[in-house]
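Annotated features in Swiss-Prot:
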BINDING   22, 125, 126  Mg(2+) 2 binding site
ACT_SITE  126  active site
REGION    599-653  region 'Disordered'
COMPBIAS  608-618  compositional bias 'Acidic residues'
REGION    658-677  region 'Disordered'
ZN_FING   701-737  zinc finger
REGION    722-783  region 'Disordered'
ZN_FING   798-832  zinc finger
REGION    846-870  region 'Disordered'
């Protein structure tokens, strides 16, 4: 075993008490808790795959009693147990989502953590607890009389090698009276230095069983889930004991019963020996059971295997496991995977990118959640995949450092790893088809490190990523005021909103003053009349432009459009909320100006409709957004980004400001946003780019085609394509013929049922039938049957073109009757020839048995005479064709 885990010293190998808590049918219990009506009923949890009812991943004990097992299909379970309840695993990102089961496992772990700090979660439904400290404390209390074991604490408790827990307790009680009663047996099996720990082994395990009962009771009370437990001196023995008595039971594995258990325990049942390493051990040592390893010395095992694995095998065969219970409340890695069996193999680059995106999205979400809960970050990523190379499945695993945590970076890293470690990634001559199909794909991250309190880069990264997602989805512009409000928590919402509008209007005044440069009234501008504000100036310019030039305002300026700001001000007016004097006056002016603009646009709408087509196109290019009244009538929604750009252009046109020239780099959209848009588009319509679903286009300019006479389709003018197309039509014609034949046969069978049954005929025996076993009467299907007269048909067919066959009584068309009769003649001839040959061979064999020492020539003559004699009784095929009608 090559693992970098902590270990205890060899001197303390029998001092520990380790407890394994294993949840009973955990997935089924989670479903029963969510659906109480499923309790006490056969239940199974199935995967999302709908083929044959889905794959079963968990079965409760009521369904197991009916023969239902894991890895069955849902339909098979229904056949064995019709009343079974099949619960579907939630499906997210086109794969199973087990988040609710992980959350339930964390709920159980929170209860277990109260009993000891040495808690190691092995999986969603398993956890190791080192309760040595608790056992030592209770041993001291027992010696002082402050603690005593009670029978009710050992309910549903079993001990390996003992009929009942009472026998095990009696043995421990007798040993208290005579502590050295088993020393002779112990000295033969254990080292002299280990005898004190061996003598106290059983009582320590019994106290551990009482602690296990308390743990299981607490889990049941606080979570509602039932669990089993195994109590032993190390992790491997505790896991073995936990599975011996289930459900809702606990088992003690005494130290002295380990050897007898290993004598009949297969090697694969030991943790760490269930895979390829266990197979290598069995083949190398020629063993089957774990107890057979004891006969090998440590040196032999180290020579056959490496030093570390040899020592580990030597110890575990004697029930010794030095691996410590490492405190691990959280998982060491976060991963997700998906299989693609059969026709679902990934054969296209677009398909691979899609599924890498789905897996990366789940990894990203779980990393973000894990950081919030556990304050840690992953530094390592592993990509696992299985390829179909020349008909064989080749599994590969590649790893790399993980620096960025967004979905795009994980997809890019995963794809680069697969490309770099595949000899030929794309099929020759193609840019989108994979050379080797992928049957399995998985991504996992690990090597977590705790983030210090002063390190906030990761948190900022997730915040920026969330903001980027909001911008892509269009939610960011509406959230800008909210961000400003969150920065100033002491101010009220009303005050902040009014201050925002006041600052906005003041900024608009300054921009208008800069754009105009010199006012229309220089004296007034020089005097700086305080009563003339920005709104009045704009209204004056607007009326002057409409009156003198007759221009039509095609779009409302961005400052006064009936947008979020004006709607908010109207709402403030209706509700009666009072703001500052400046904001109230500006809001009234803005509302009044907006109403006048709408009226002007309504009056000039007819003139606007009479404009030429070129002017309409020019106006639509200049002003991308319509007035609010027109957009509401059309019932169309506009993109917020497009609206902002168009209003900005209108502002430049109306105020006369020359927009600044932008470079090519500035004109390009945001790289991050463009990449996220590509990801979103690939997720939505990735199936359209599947290589395996691509239909080749027939280019008539390169390959000439001819028209099919039957279906009118254009076919390439080549021999192979023509023959394939003709075979297609022939197959269709043959299928139609077979269907018509089947319909005729069904019709004839119904007619036969309606006819009256004919009385059976008595068979006539020939006079010489008893004289020889070979001179029998001709069979019923002989050639002579062809010349016999047949009785007339009792009932004529309804179709005058049909006649009844004298042989098979079937109604055949008159046109097809000669061919049908030839079939019967040929069949009867074949049967006659086969029977004739059989009689000849049988007679020859019998005569050889009677006279085995006859000379070769004489036996040949007799064989020829036998053939001539046997054939004289029946007509030969030559005689049949030579006789006259």
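Cβ coordinates come from backbone N, Cα and C, glycine included.
Since we're looking at a predicted model, the values are computed, not measured.
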Which residue counts does DSSP yield for the zinc finger (701-737) in the helix, strand and coil classes, in that order? 19 helix, 6 strand, 12 coil
The mean pLDDT across the zinc finger (701-737) is 81
Using the CB centroid of 22, 125, 126 as the Mg(2+) 2 site centre, which other residues of the same chain sit with their CB within 8 A? 20, 21, 23, 26, 122, 123, 124, 127, 227, 242
In the zinc finger (798-832), how many residues does DSSP call helix, how many strand, and how many coil? 16 helix, 6 strand, 13 coil
Could you tell me what the rest of the chain brings near the zinc finger (701-737), counting residues at least six beyond its ends with Cβ under 8 Å? none
I want to check the contact list for residue 126 (Mg(2+) 2 binding site): same chain, sequence separation of six or more, C-beta distance under 8 angstroms. What comes out? 20, 21, 22, 23
Just counting, how many other CB atoms are there within 10 A of the CB of residue 22 (Mg(2+) 2 binding site)? 21
So how many other Cβ atoms are close to residue 125 (Mg(2+) 2 binding site), meaning within 10 Å of its Cβ? 22
